[in-house]
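Enquirer: One structure, pasted below without further comment.
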Amino acid sequence: MLSTIQPPRYLSRFPLRGRTKSRPFHILSSVQPVTKTAFAADQSQILSIRDSLLNRHLSAVELTHSYLNRLKQTEPHINCFLHISDPDKVLKQAQDIDDKIKRNEEVGPLAGVLVAIKDNICTVDMPSTGGSYILEGYRPPFDATAVKRLKDFGAIVVGKTNLDEFGMGSTTEASAFKVTANPWDLSRVPGGSSGGSAASVSARQCVVSLGSDTGGSVRQPASFCGVVGLKPTYGRVSRFGLMAYASSLDVIGCFGSSVADTGILLHAISGHDSLDATSSKREVPDFTSQFTSASSLKSRPLEGLRVGLIRETVDAGVDSGVKSAIQGAAAHLEQLGCVLKEVSLPSFSLGLPAYYILASSESSSNLSRYDGVRYGNQASSDELNALYEESRAKGFGSEVKMRILMGTYALSAGYYDAYYKRAQQVRTIIRKSFKAALDENDILISPAAPSAAYKIGEKKNDPLAMYAGDIMTVNVNLAGLPALVLPCGFVEGGAVGLPVGLQIIGAAFDEEKLVKVGHIFEQTLEGYNFVPPLITDVGGASA
């Protein structure tokens, strides 16, 4: 029997009384008249919360209490968080929102929305460790731009989530502090490196969360945990305050339990930032304009949309259950009116080795700042070189050390041309192949991972097998493109099955198209419930 951890009963199905029509993300006033919105609020927890707060059906304090209680019940079993915000401080922020609404003052569009932040994204009011002993207890003197924008819109940060150390891993087992479990099966990994952020949304410990994606670290855990994950175009979101792993690949991404919530979250954090020279000055579109209610959809709402299924992603090496789920998703897109065809990207297999050379090379440079002198934990030593060596030896985990060594080797004299330079040439080929495919197709689709979530410890001692799990995602980072992952089916495993994610890839800065397609796909996919099984030993958590 499928029991589920559901959002609090009074959150799950609010009749929407609407929101005012406004410019994109205009802060709505609680005293403005509320009109019917274009799509139902039960498609979005964020809009459900806002509607209920402004119509006085629910207080922010009640909402916050509910999520904090759920977090307290589930966290001992899942271990999503490295740091949890002071409950009194969180409730005080919620009370401030309630007080503003009582005074008929404006509140932000994310007022009362509890957000979790991956622990390699800086926050001024709590530790930011990157999952590493070398930064244990470190408190930045600033918020990352993405975090600041969320706070400016009224969001409440509930805590910092677990990750593979500095984002280097695919399971969240490489964290220096704890191992996070998958809410669908506690014996399995949630994916990585943003496993804590994905699992916290899956377990309904928060409404939405932020992660980072260097080679698939948002999309693969979204697939494993049965949630929506969105990796934006490189430059769409400021990287200021994101601890650098591979600077030419890193992006901050979003998790939500629906495409609507993920699109709303992306809108909030997007835009140019003078503190990040790589952030784009392109205007940020209103992603919510792409959302329509299921009742207003035509029989073939995606009529004529050209979809390319990447042939190399459903070849040998992909689990048969995953392949079947993706083929089912492709058939569903055809039913929605899409024109589907197979697309070959011959350079696809080259992406994985090129990615690990480039990412390791950049990380070997970026992580040199952690020397035990300027910040972080410092070993006791009377000699400078010994201080560096001992601080890094004790502070870095084995995965980080291995990647630093790989990167240093690839950049060393005599090997630069053979490895790093050649990997950059492969990157150029991959960019061109994606551009050619997207010139002929509106979107490309593939699995987000070659398998569903695997057992904790299953691949920890086989790094090559773990790296191979990134083959579906790394090419997108090398090309700098946006990609959306949303659950599309199940494979056998665990108590009720394990979720599988469909990856939808778009042209640069075309996130609008991704959220439109994803939202329609999500609404019309019937027969699936992507809420994880009830954890029976958490003291009576119930639907």
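Backbone N, Cα and C atoms are what each Cβ position is placed from, and that goes for glycine too.
The active site, charge relay system annotation in TrEMBL covers LYS118, SER193. If you look up TrEMBL, you'll see SER217 marked as active site, acyl-ester intermediate. TrEMBL lists 62-514 with the feature domain 'Amidase'.
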Enquirer: Can you name the residues of this chain that are 6 or more positions from LYS118 (active site, charge relay system) yet have a C-beta less than 8 Å from its C-beta?
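Expert: In sequence order, LYS160, THR161, LEU163, SER194, GLY196, SER197, SER209, LEU210, GLY211, SER212 meet the Cβ cut-off.
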Enquirer: List the Cα distance (Å, whole number) between SER217 (active site, acyl-ester intermediate) and SER193 (active site, charge relay system).
Expert: 5
Enquirer: Within its own chain, what residues at least 6 apart in sequence put their Cβ under 8 Å from the Cβ of SER193 (active site, charge relay system), listed in sequence order?
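Expert: In sequence order, the residues whose Cβ lies under 8 Å from that of SER193 (active site, charge relay system) (at least 6 apart) are GLY131, LEU163, ASP164, GLY167, MET168, GLY169, SER170, THR172, ALA174, GLY211, SER212, THR214, SER217, PRO221.
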